[in-house]
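A.B. asks: Just lifted these from Swiss-Prot, have a look:
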- C3-C21: disulfide bond (DISULFID)
- C14-C38: disulfide bond (DISULFID)
- C42-C53: disulfide bond (DISULFID)
- C54-C59: disulfide bond (DISULFID)
Amino acid sequence: LKCHKLVPPFWKTCPEGKNLCYKMYMVSTLTVPVKRGCIDVCPKNSALVKYVCCNTNKCN
């Protein structure tokens, strides 16, 4: 699986076991991702942070 780094078009190949790409947003600025990368389990959203996860190449 290949996931984008914080600034596309840069990307990295995910290590074994991290089979999701994710984007993390602050709820106050939903248009600007704060973090991107590979993750094993999609974290739960909170009052301040929203996560978007997906399992195809460079989908984040």
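Glycine is treated like the rest: Cβ placed from N, Cα and C.
Show me how these features fit into the structure around them.
C.D. replies: In three-state terms derived from DSSP, C3 (disulfide bond) belongs to an extended strand segment. In sequence order, W11, K12, C14, C21, Y22, R36, G37, C38, N57, K58, C59, N60 are the residues of the chain that are 6 or more apart from C3 (disulfide bond) and have a CB within less than 8 Å of its CB.
Taking the Cβ of C38 (disulfide bond) as centre and 10 Å as the limit, one finds 21 other Cβ atoms among all the protein chains shown.
Classification of C53 (disulfide bond) by DSSP places it within a strand. The number of other Cβ atoms within 10 Å of the Cβ belonging to C53 (disulfide bond), over all protein chains shown, comes to 15.
The 10 Å shell around the Cβ of C54 (disulfide bond) contains 15 further Cβ atoms across the protein chains shown.
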A.B. asks: Please list, in sequence order, the residues in the chain of C42 (disulfide bond) that are at least six apart in sequence and whose C-beta is under 8 Å away from its C-beta.
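C.D. replies: Those within reach of C42 (disulfide bond), by Cβ under 8 Å and sequence separation of 6 or more, are L20, Y22, Y51, C53.
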